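Here's what TrEMBL has on this protein:
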type	residues	note
TRANSMEM	A:7-29	transmembrane segment
CARBOHYD	A:Asn82	N-linked glycosylation site
DOMAIN	A:85-143	domain 'Potassium channel'
TRANSMEM	A:122-155	transmembrane segment
TRANSMEM	A:167-189	transmembrane segment
DOMAIN	A:178-256	domain 'Potassium channel'
TRANSMEM	A:201-218	transmembrane segment
TRANSMEM	A:230-250	transmembrane segment
REGION	A:276-319	region 'Disordered'
COMPBIAS	A:281-291	compositional bias 'Basic and acidic residues'
COMPBIAS	A:309-319	compositional bias 'Polar residues'
Protein chains: 2
Amino acid sequence: MNSVGRSWLLLTGFVLFYVIYLLFGALMFSSIERPVEDKLRQDMEALKQEFLNQSCVNSTSLELFLVKVLTANKYGVSVLGNSSVTSNWDLTSSMFFANTLVTTVGYGQSTPLSDTGKAFSIVYALIGVPFTMLVLTACVQRIMCPLVLVPVRLLQRSGMEPRPATFVHFLLLLLVVVVCFFVVPAAVFSSVELSWSFLDGIYFCFISLCTIGLGDFVPGTQPGQKYRQLYQVTVMVYLFLGLMMMYLLLRTFHKMADLHGLTTFLQLPHCDESDLEDDREPIVEGKREDQAPPCQTEKKASKHLKPGSQPTYNTINSG
Amino acid sequence: MNSVGRSWLLLTGFVLFYVIYLLFGALMFSSIERPVEDKLRQDMEALKQEFLNQSCVNSTSLELFLVKVLTANKYGVSVLGNSSVTSNWDLTSSMFFANTLVTTVGYGQSTPLSDTGKAFSIVYALIGVPFTMLVLTACVQRIMCPLVLVPVRLLQRSGMEPRPATFVHFLLLLLVVVVCFFVVPAAVFSSVELSWSFLDGIYFCFISLCTIGLGDFVPGTQPGQKYRQLYQVTVMVYLFLGLMMMYLLLRTFHKMADLHGLTTFLQLPHCDESDLEDDREPIVEGKREDQAPPCQTEKKASKHLKPGSQPTYNTINSG
């Protein structure tokens, strides 16, 4: 089969498998969560009925009251007595919100109430998200040398072959990240947050550092939290460092995959020649030798720049 | 100043500016949202007091009742009468949840209740998130030719210079994306969802396609939604296509920035030579001419692979 056909086949396979994966997830989540949800729903119904029976409140006025309570709660305003002291929009909490916005974690435990707030969120994230990516990239570039290049070289010096060396290094880095950015923080969170188990801590770290940010667990939101502001700042620093390490891990994995030929195997031909069959003139007239239609050029270039040719690892590769 | 010094200065500047940007965001959000929140908080307090006065419920039992109501609500189980019909964990809703998990949007309107569900979420996202990125990348590679390379070439054929051509093309692409993936969907959402304004629609599209996913607006959650399952599948398709277009836009912007020398200006030297001053031997012994310490190699290579040398645009660049 030619490369174009293979490329389409691979893409169709990817999309098909993506849909199957979603369906599989749906079936699993549905079968795991549905019974628990049904139980909770029944409990709530019973609770409501009990509350109505014990009091002289009529069903309609309770319903009206609860609608308002739940709407306010959606915006982070709780009707409970002990929670009215702390604001979601004091300086540290606002900074925490701004931080979750630009890192695209977005817990949503507090969300803008006003139209001005929503509009400002859009503008703020529009600048903030790319800028945060830039800062993270710059930081990862900085730590790439001491945390990736030097250790790989040391492993090789100790007599290891280049490919196993990168593999061992990746495993070691993974272990360090898992311990320092998942296990230890999870232990800390589960001891600081009264209602969190260790699994909740791990779940929070994972959901945060993948930037999913479901927001069912958000540190520093329990009423009467000691040193709440300091705690929130610490979580912000943790998030930043954690995202940096996740990014480093991703880049290291990508480089290792390049070295083992995995990326080349999965890479699709960039452009379909047939798209331009009737149109084979160069983009720019004259002045350059390597004139070719843009797609051909990209294809040709992708050979030069194919993942395996990543320079840093190339030197290792040659060993 | 040498490149190492410049690099550190740039990095420090970045991080400093990042903190300032967060502080600025905090001040703005705090000043915009705090008054609205205070008003809502007062209203809730008054509402609660009024409810207590009108009924024979005592404060403590109401508080206990509300704690349970709000906890259940956090897990997507509403105590309200009209919402008990639809489950958050039927097949389509579970698929919607799985989709927001793997795309890292994570609205969190429904979250796993059980420990099994949490553990499964971690494993599911661990495989799903990289796989989704792979599928998105493959799709973007496919649409790169008809949506980027061909239009740029057509613009150049019409007599435009290469750099303005890429700029005009980017603006056109941006316009198309804004209209097709923000304005039109926002109009649709604001007409389908009863409580959404057009701004809410735009805000939802933006928060979703940046993968922030705050979850204050989630389509298909209003009670009695017609064709809810079809609607949720449509939103899933919209999210996938939207993310693909955002990624395409990002790549096109990156290529355009390369062409205009912006990326080279912002790029930091990859590795600090001083880190390896005492250690200048090559990673791998022999077999290769371009032996140099890993960091030097990376630095050297970064010249070869510097953004400006992106092959596709290089041919354009030469015009």
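Using N, Cα and C of the backbone, Cβ positions are placed for all residues, glycine too.
Residues 147-148, 151-152, 155, 160, 196, 198, 200-202, 204-206, 209, 219, 238, 241-242, 245-246, 248-249, 252-253, 256, 260 of the same chain lie 6+ residues outside the transmembrane segment (A:167-189) yet bring a C-beta within less than 8 angstroms of a C-beta in it. Using DSSP to sort the residues of the domain 'Potassium channel' (A:178-256) gives these counts of helix, strand and coil: 56 helix, 0 strand, 23 coil. Per-residue confidence over the domain 'Potassium channel' (A:85-143) averages out at a pLDDT of 91.
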